[in-house]
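Student: Dumping the structure here so I can ask a few things about it.
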Amino acid sequence: MSEKNEIYDESQIQVLEGLEAVRKRPGMYIGSTGTRGLHHLVYEIVDNSIDEALAGYCSHIKVFIHKDNSVTVSDDGRGMPIGIHHKMKKPTVEVIMTILHAGGKFGGGAYRVSGGLHGVGASVVNALSETCEVEVKTEGHIWKQTYHRGKVASPFEKIGDSDEHGTKIYFKPDPEIFEDTEYDYDTLSQRLRELAFLNKGIKIELTDERHDKNEIFHYEGGLKSFVSYLNRNKEVVFKEPIYVEGSIDSNYSVEIALQYNDGYNENIFSFANNIHTIEGGTHLAGFKTALTRVINDYAKKFGYLKENDKNLSGEDIREGLTAVVSVKLTEPQFEGQTKTKLGNTEVRGIVDSIISERVSTYLEENPQIGKLVIDKALVASRAREAAKKAREITRRKSVLESTSLPGKLADCSSKDAEECEIYIVEGDSAGGSAKQGRNRRFQAILPLRGKIMNVEKQRIDKILNSEEIKAMATAFGGGIGKDFDVSKLRYHKIIIMTDADVDGAHIRTLILTFFYRYMTELISEGHVFIAQPPLYKVTKTRKEYYAYSDKELEDVLQDVGGKDKNTDIQRYKGLGEMNPEQLWETTMNPEQRTLIKVNIEDAMAADEIFTILMGDKVDPRRKFIEENATKVVNLDV
């Protein structure tokens with residue numbers, strides 16, 4: 001994979017098509033014009049620098065967020081080619097920056113492996129920026145060109161001399177295109193850290209001039225460091241992650257690191273050419289198949305399983321597993337426009353053979369670790385058998401079997417899942433108000449008694465014995481865990497409605513932890529919402545006003561002429577304090593209510609937060625609370 005092509009010049013830049021469509025349909029190129037698309041601009045430019053690193057020419061990438069939310073990305077690579085393009089008869093830098101699909105990623109000349117999104121990077125960023133500047137240091141000189149909304153604003157010219165080499169791109173996202181142009185430091189740092197883990201030895205520096213923050217991501221341990229980082233708030237079963245690597249000629253390289261923790265969830269993150277393949281693909285399938293076979297072969301060879309014993313299932317073997325699977329290949333095939341599933345069929349066998357050989361060898365050379373892995377899988381296997389019976393209870397019942405729905409569920413009359421919504425409400429008093437205030441045609445109410453089980457600390461067999469969890473799983477209709485099928489949901493909106501106090505927040509977190517661990521698609525496919533009941537009711541001269549925050553309360557008081565003896569302010573402690581009409585009007589009426597949609601922008605970040613908040617380790621939880629306490633808007637003491 002390290003084979004180099006020393007010459008990177010204008011002859012290696014191929015042009016496929018023009019740039020006109022990008023500003024008209026930005027979503028086609030960067031996914032959206034919301035915050036995700038905004039951050040994607042940075043990733044596109046950084047990906048180009050990473051490609052230089054993978055080719056062996058770049059070791060240091062710098063990213064600056066400036067005070068006005070413009071961004072500069074620089075690297076110490078070879079620098080963009082500065083000659084005149086053979087076909088376009090323009091400076092090659094100008095071709096790369098102004099013509100879609102012009103890049104060194106096509107034809108295989110400049111880069112063996114590339115992670116940029118279809119090679120559209122630089123030109124798309126330029127098209128969607130109010131201002132863009134490119135500075136290239138190469139061949140002893142510094143060259144520069146500026147652009148305005150994708151069009152050339154100054155000629156490509158030499159502006160000085162330098163012994164250094166590399167490319168620097170400055171851009172200011174266009175407010176005419178993006179709904180919001182403010183960058184989130186944590187979002188960028190998460191991705192840049194990920195890239196540094198995936199490309200060991202590379203140094204990526206992030207500087208935020210708005211808040212005077214700076215971080216350097218540099219991991220000589222690569223994927224081993226990545227897995228240790230992912231497990232840092234968990235109790236690990238063995239100290240050092242297992243690491244294996246292998247390659248097939250210069251076209252495929254495979255790296256895998258894995259480590260077990262004492263939890264019950266599997267967390268496997270797969271990447272192809274540095275792109276997080278959220279939907280998995282052939283590399284992930286090859287890893288799972290090989291790991292299951294290797295562990296079973298080892299268990300039989302060393303007497304942990306008798307000849308007639310049933311094999312351990314993949315699910316048993318992956319309980320508590322944290323792993324990162326990274327493949328790099330010259331011609332990746334990504335399925336779907338989102339580029340999140342690797343489709344190359346040959347990769348499955350390549351990953352399988354490398355894992356089979358290297359992990360088998362590792363376990364035989366480290367029998368104490370082999371024993372720890374097998375023991376954990378055997379305990380998981382026994383728990384899975386115990387869970388089988390309980391799981392059957394929660395499988396989806398058809399409409400004809402609706403008598404098996406939980407007794408406390410007040411169902412809606414409509415059977416059209418798309419229009420139906422279910423409110424998860426804490427306590428019977430709030431449940432009573434919600435049942436009376438709802439629209440019975442499409443709104444169902446499921447009251448829960450007290451706090452549900454913390455699933456972060458329990459195995460599936462115990463979880464399936466919890467009455468509250470059984471009630472939710474049966475009411476929703478999609479099943480639970482590996483049996484969960486989002487297409488069988490009975491309601492397309494699942495709305496968590498809890499009191500606006502600390503207890504309410506805790507119950508909400510417990511419910512979300514359960515959804516994230518055992519019904520992930522509920523969240524990833526956009527079915528989970530948080531209701532926003534008002535915090536205050538203001539009554540003045542027989543008129544009622546509702547405020548959903550302290551700021552809104554100030555605004556309401558200002559609108560009604562200030563607070564005086566005729567002003568009554570009621571602070572709602574719980575949903576039960578509202579009568580059915582008020583609850584409908586403020587929190588349940590689709591015409592007036594506010595709902596917060598829950599999504600998973602980043603599975604790793606979500607896993608980390610749930611581990612910290614709901615796991616056993618006290619220190620990380622204390623640190624998280626201390627760091628985030630200032631962000632709390634409402635806190636009852």
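Yeah, the Cβs are placed from backbone N, Cα and C, and that goes for glycine too.
Remember, predicted model here, so these are calculated numbers, not experimental data.
From Swiss-Prot, for reference:
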BINDING   GLU426, ASP499  Mg(2+) 1 binding site
BINDING   ASP499, ASP501  Mg(2+) 2 binding site
DOMAIN    420-534  domain 'Toprim'
SITE      LYS451  site 'Interaction with DNA'
SITE      ASN454  site 'Interaction with DNA'
Student: Which entry in the list of binding-site residues, ASP499, ASP501, has its Cβ near the fewest other Cβ atoms, using 10 Å as the limit?
Tutor: ASP501
Student: Where DSSP helix means H, G or I and strand means E or B, what are the helix, strand and coil counts for the domain 'Toprim' (420-534)?
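Tutor: Counting residues per DSSP class in the domain 'Toprim' (420-534), I get 55 helix, 21 strand, 39 coil.
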Student: Between LYS451 (site 'Interaction with DNA') and GLU426 (Mg(2+) 1 binding site), find the distance joining the two CA atoms and give it rounded to the nearest Å.
Tutor: 8
Student: May I ask which residues of the same chain, at least 6 positions away in sequence, place their Cβ under 8 angstroms from the Cβ of GLU426 (Mg(2+) 1 binding site)?
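Tutor: GLU426 (Mg(2+) 1 binding site) has long-range Cβ partners PRO447, LEU448, GLY450, MET497, THR498, ASP499, ASP503, GLY504, ILE507, LEU575.
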Student: Quick one: mean pLDDT on the domain 'Toprim' (420-534)?
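Tutor: Taking every residue of the domain 'Toprim' (420-534) together, the mean pLDDT is 87.
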Student: What is the interatomic distance between the Cα atoms of ASP501 (Mg(2+) 2 binding site) and ASN454 (site 'Interaction with DNA'), given in whole Å?
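Tutor: Here the two Cα atoms lie 19 Å apart.
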Student: Measure from the Cβ of LYS451 (site 'Interaction with DNA') and count the other Cβ atoms within 10 Å, all protein chains considered.
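Tutor: Summing over all protein chains shown, LYS451 (site 'Interaction with DNA') has 14 other Cβ atoms within 10 Å.
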